[in-house]
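S.K.: Right, I'll just put the structure down here and ask away after.
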Number of protein chains: 2
Amino acid sequence: MALTERTLLGPGPSNPYPEATAGLAAPLLGHLDPEFIAVLERTCDHLRSAWGTANPVTLPLSGTGSIGMEAAFANTVRPGDVVVVAVNGLFGVRMCEVAARYGAEVVRVDHPWGDPVDTERVLAAHPSPALVAAVHAETSTGARSDIAGLGAALREHSPQSLLLADCVTSLGGIEVAVDEWGVDIAYSGTQKCLGVAPGLAPFTFSERAWERRVEIPPVWYLDLGLLGGYVRGGPSGRAYHHTAPVAMVASLDAALARLHEEGLDAVQERHQAAGRRLQDGLQEMGLELFAAEGHRLPQLTSVRVPEGVDSAKVREQLLTEYGIEIGAGVGDYAASVWRIGLMGHNARLDRAELILAALRRVLGR
Amino acid sequence: MALTERTLLGPGPSNPYPEATAGLAAPLLGHLDPEFIAVLERTCDHLRSAWGTANPVTLPLSGTGSIGMEAAFANTVRPGDVVVVAVNGLFGVRMCEVAARYGAEVVRVDHPWGDPVDTERVLAAHPSPALVAAVHAETSTGARSDIAGLGAALREHSPQSLLLADCVTSLGGIEVAVDEWGVDIAYSGTQKCLGVAPGLAPFTFSERAWERRVEIPPVWYLDLGLLGGYVRGGPSGRAYHHTAPVAMVASLDAALARLHEEGLDAVQERHQAAGRRLQDGLQEMGLELFAAEGHRLPQLTSVRVPEGVDSAKVREQLLTEYGIEIGAGVGDYAASVWRIGLMGHNARLDRAELILAALRRVLGR
């Protein structure tokens with residue numbers, strides 16, 4: 001039953017930090033154990049630092065990254081609400097679908113895949129939407145959008161609109177500053193730059209989003225009113241909602257402690273340096289990067305498959321001969337783009353050199 | 001940061017099987033890795049054996065046990081559907097709440113807590129409900145209900161009604177026979193008798209439930225139409241839905257492999273023997289069991305707190321002096337009942353003796 005060891009350089013999961021793996025295998029605590037409550041509180045505090053927020057409602061939701069998106073819309077959208085969604089990749093498309101399930105009147109602003117979100121076009125789509133949603137780091141394309149700029153412009157354009165940012169692939173890898181940027185709702189996943197296995201969705205919700213939240217959202221499991229009672233306590237103490245995934249939380253706690261020890265700035269510089277080396281090396285090899293120049297994520301690089309090369313065959317060869325996983329493209333780009341992640345524990349120069357060397361061999365360059 | 005080791009004899013989580021812990025810490029695979037797909041398929045096959053079903057839609061959902069309940073109602077209830085819920089503890093109460101969020105007309109059939117579900121009363125509540133829901137093993141009270149009897153009677157009474165069974169605390173500990181009993185929808189949690197950390201909800205859905213499922217459920221994350229495509233494959237192959245919690249699935253896979261090696265019958269006998277010893281020992285100590293005689297779960301024993309004893313103080317003393325966690329009661333019984341679990345890896349005579357000895361010391365009996 002022993003599993004093969006892989007170097008996970010796709011769009012996630014990435015190889016966890018050793019501390020995160022140790023946290024998973026640590027002795028299990030009950031979800032109401034005072035020691036576990038301390039672990040959870042420390043995790044939430046460390047998440048607040050990582051998000052750059054003072055939001056009391058900041059917690060890891062009990063599901064993979066997508067549950068963060070679900071919770072975001074379930075707790076904010078009432079039937080008929082206008083929700084403007086910036087779409088520049090798969091996760092923008094998905095936000096439209098999820099928002100629509102909660103009855104939103106979705107105004108979709110499409111961009112070419114690989115481009116960043118265009119603030120002016122997004123704001124021009126509606127004078128006063130209930131919610132504006134955009135993806136900070138598009139996992140499907142490797143493009144980075146300027147959420148700070150979108151937030152600032154939105155405050156001018158329509159101060160009462162809430163701003164939602166998908167930070168699944170950004171948190172723990174590049175700067176995220178929820179409070180400074182004016183983001184009201186944000187979610188992430190543990191399996192990308194945070195360097196933990198998939199299974200939790202770090203989530204943060206501003207006070208003004210809290211005041212305007214849906215009182216009884218359709219989804220009981222993601223009802224922030226009930227979850228908030230577990231995380232913040234309430235008049236009658238800490239209310240049991242559901243059994244927390246204690247091993248996953250212990251793992252996230254261990255990874256966040258490590259990130260804070262290394263320093264969030266140092267972690268971001270490490271992602272930056274590894275990504276730059278990879279992108280330089282790919283271009284030196286004569287390959288063409290996919291995401292728009294100036295808007296490329298260091299932690300996730302999209303690169304065009306060279307003419308005449310069988311995309312899937314290369315990925316298979318990397319996997320079977322080198323034990324390295326990289327990702328295919330998405331949608332129209334499934335066969336013409338690769339996605340290479342250097343996230344979390346893999347955001348290192350040696351991993352960049354490894355995938356460059358392996359690709360050189362496989363492509364004969 | 002090292003966590004204290006606990007003996008988890010509450011209502012769950014229980015201490016995982018060593019194989020499950022090893023699975024958590026094994027090298028991480030990508031969620032689309034052929035080797036992971038094999039792990040997932042083996043997990044689903046082993047789950048089918050454990051559930052006693054041939055249902056193709058049998059899978060671990062990516063959340064804790066409560067997400068199974070949410071998925072059950074989200075995919076079956078249309079606004080206005082009559083849902084009869086047997087309530088004999090907290091999880092019956094919760095089913096009413098969750099069903100109502102999806103627009104069900106809930107017909108609630110209350111029973112005294114600690115009693116099993118009364119088939120006749122449940123069926124008398126409505127001539128032809130869309131769905132009948134009951135809890136097999138009530139975690140809040142330690143009572144076992146006769147789902148086989150309910151299923152057989154329902155087929156006579158209203159053959160077109162779907163039957164839903166909450167098996168969070170039964171699967172892997174006592175017999176569950178979904179197909180034989182005529183259960184259409186069932187869910188469980190990993191942190192009870194399956195002996196895995198919390199984080200997944202084993203789920204099974206019959207073919208007739210599939211045919212009548214809600215086409216576009218309000219919750220995207222739990223849309224079985226989309227999830228089914230990932231688990232069963234579809235016309236265009238295995239469709240990506242969300243990143244599976246790969247470490248948790250590897251852990252469940254390892255635990256299920258162990259259960260099947262030991263033999264499901266042997267595992268059930270082990271739960272039976274441990275529970276019997278505990279319940280006998282508690283009564284020998286002069287304590288009174290809470291759940292109705294003849295309907296007591298071996299894996300979860302509820303016992304009345306003796307007159308004049310401070311319930312919370314005893315639990316605290318067990319935790320701090322012996323490292324043993326047991327559970328409080330729920331709701332009206334919070335201070336007057338304890339819940340002691342001997343589940344999964346803890347379903348052993350030595351654990352029964354341990355808690356009996358510790359209780360004897362603490363209570364001075």
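Including glycine, each Cβ sits where the backbone N, Cα and C put it.
Just so you know, TrEMBL annotations never went through curation; they're auto-generated.
What TrEMBL lists as substrate binding site is B:Arg339. Here TrEMBL flags B:31-329 as domain 'Aminotransferase class V'. TrEMBL lists B:Lys192 with the feature N6-(pyridoxal phosphate)lysine.
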S.K.: May I ask you to report the DSSP-based helix, strand or coil state of the residue listed as 'substrate binding site'?
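M.R.: The residue in question, the residue listed as 'substrate binding site', is strand (DSSP, three-state).
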S.K.: If you draw a 10 Å sphere on the Cβ of B:Arg339 (substrate binding site), how many other Cβ atoms land inside?
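M.R.: Excluding its own Cβ, B:Arg339 (substrate binding site) sees 24 Cβ atoms within 10 Å.
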S.K.: In Å, rounded, how far does the Cα of the residue listed as 'N6-(pyridoxal phosphate)lysine' sit from the Cα of B:Arg339 (substrate binding site)?
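M.R.: The residue listed as 'N6-(pyridoxal phosphate)lysine' to B:Arg339 (substrate binding site), Cα-Cα distance: 13 Å.
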S.K.: Quick one: give me the count of other CB atoms within 10 A of the CB of the residue listed as 'N6-(pyridoxal phosphate)lysine'.
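M.R.: For the residue listed as 'N6-(pyridoxal phosphate)lysine', the count of other Cβ atoms within 10 Å is 29.
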S.K.: As a test of reading the model: what is the averaged pLDDT for the domain 'Aminotransferase class V' (B:31-329)?
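M.R.: Across the domain 'Aminotransferase class V' (B:31-329), the average pLDDT comes out at 96.
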S.K.: Determine, from DSSP, whether B:Lys192 (N6-(pyridoxal phosphate)lysine) sits in helix, strand or coil.
M.R.: coil
